[in-house]
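Only one structure is covered here, and it is reproduced in the block below.
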Amino acid sequence: MTQLFINIKELIQVRDKFVKKVSGKEMKILPTIKGAFLIIKDGLIFDYGKMSDLLESTFDDKIDCTGKMILPTWCDSHTHIVFAGNREQEFVDRINGLSYEEIANNGGGILNSAKKLQETSEEDLYIQSAKRLEEVIILGTGAIEIKSGYGLTVEAELKMLRVIKKLKENYDIPIKATFLGAHAIPNKFKNNKEGYINLIINEMLPKIAAEDLADFIDVFCEVGYFSVDETDKILSAGKKYGLIPKVHVNQFNSIDGIEISIKHKALSVDHLEVLSDTDLKVLISAETMPVALPSCSYFLSIPYTPARKIIDAGLPLTLATDYNPGSTPSGNMNFVVATACIKMKMTPEEAINAATINGAFAMNLENKVGSITKGKFANFMITKEIPSFGFIPYSFGNNLIETVYLKGKKASN
Ligand code: NIG
Ligand code: FE
């Protein structure tokens, strides 16, 4: 099956050579071809170039993209889309003056989601999660990471990870699974955190590994959740099963979580709303990808990750949604890209690099997605008629994505 897309106003994020990630000043450069064609074959990107260089040939399908742009699909490297129900009541409680921390301390927050998830069947959880996945695909997401962490018992964590596995099997979108048993301390272990950590290490991890349910391991390294030493212990245990760390750090406090993550060669460190100069120095010494989650800052009214400080220090940066019921009930990467430009002062070029190629790196998927490169999956989106790619963040809150393709197949209209 060969498909030809012609008269593309601008083909965005074209990388002839394989690029792992882009950092610092490179992030300002977004390679494009104006007046382009794109050929896809058997679900992969086969060829592209300027319309004037297109040779006559026969194709199974020919699609005219006059006035429209093509971009690789968004790579959302941090989500919690497998959850049960919602936490709309906590949203209203915050409007009425309670803080996110107060709500969590009153038994709300992550423990509230865990209770709901424990009471939900695997089938129902799958149906709710698949609906969210389909919604974000229509918005242009073409590769996604999904975490566990709303189970907090052996059975419920396995249930979440099995749902992720089923999503992997049933959808064309590449999915990576992350085990986040260390997301909060369940009530049963309120006065015995060590007991819960032992449960994670001695019961959850071996079972997850036996069923091959996770690619990565995550810990919520934060005051009131898991300390640096506990994070160290959990990441070390995960490593024995080949799980690569991706860690929640520096959301509310800077407590040397970045340093311990880097010691464990974390693929990414995520959140970073509170970032000290020492943290920045530590990041500079590493291959680890910093990940910002601006929709979370927006929803909770907390500081935005200092993107300028990070990029101007020569580092790479990734943008992801953090889609979850408590701190970010939105999986819209277009909004993330817009908010990064508006609130974090990233240029459209930087934000698109952060949401595509760097997001792919943050999931170990840079060989497959994140750019228009021959041999990568034909995961791309066609925009509506727009004057420039900067129009995507500029028109914040509008959906300018018309059609999404995953592995060469139309995933939306
Ligand atoms: O990434 N920070 C920790 N975990 C999630 C939110 C958890 C929740 O409120 O349900 C996050 O923001
Ligand atoms: Fe998160």
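Including glycine, each Cβ sits where the backbone N, Cα and C put it.
Per TrEMBL, the features are as follows:
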type	residues	note
BINDING	H78, H80, H248, D322	Fe(3+) binding site
BINDING	H78, H80, H248, D322	Zn(2+) binding site
BINDING	R87, Y150, H183, Q251, S327	4-imidazolone-5-propanoate binding site
BINDING	Y150, N324, G326	N-formimidoyl-L-glutamate binding site
DOMAIN	69-385	domain 'Amidohydrolase-related'
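Among the binding-site residues H78, R87, the residue whose Cβ has the fewest other Cβ atoms within 10 Å is R87. Summed and averaged per residue, pLDDT over the domain 'Amidohydrolase-related' (69-385) gives 97. Here N324 (N-formimidoyl-L-glutamate binding site) is compared against the binding-site residues H78, H183, H248, Q251, and the shortest C-alpha distance is to H78. Summary of the Zn(2+) site environment: with the site residues H78, H80, H248, D322 set aside, the chain residues having Cβ atoms within 8 Å of the Cβ mean position are T79, K147, D218, D270, H271, L293, C296, A320, Y323, N324, T328. Candidate binding-site residues: H78, R87, Y150. Not one of them has a Cβ under 6 Å from ligand 1.
R87 (4-imidazolone-5-propanoate binding site) sits 15 Å from D322 (Fe(3+) binding site), taking the Cα positions as reference. Checking the binding-site residues R87, Q251, D322, G326, S327 for a CB within less than 6 Å of any atom of ligand 2 leaves D322, listed in sequence order. Comparing C-alpha positions, S327 (4-imidazolone-5-propanoate binding site) sits nearest to H80 among the binding-site residues H78, H80, H248.
Counting Cβ atoms from all protein chains shown, S327 (4-imidazolone-5-propanoate binding site) has 22 others lying within 10 Å of its own Cβ.
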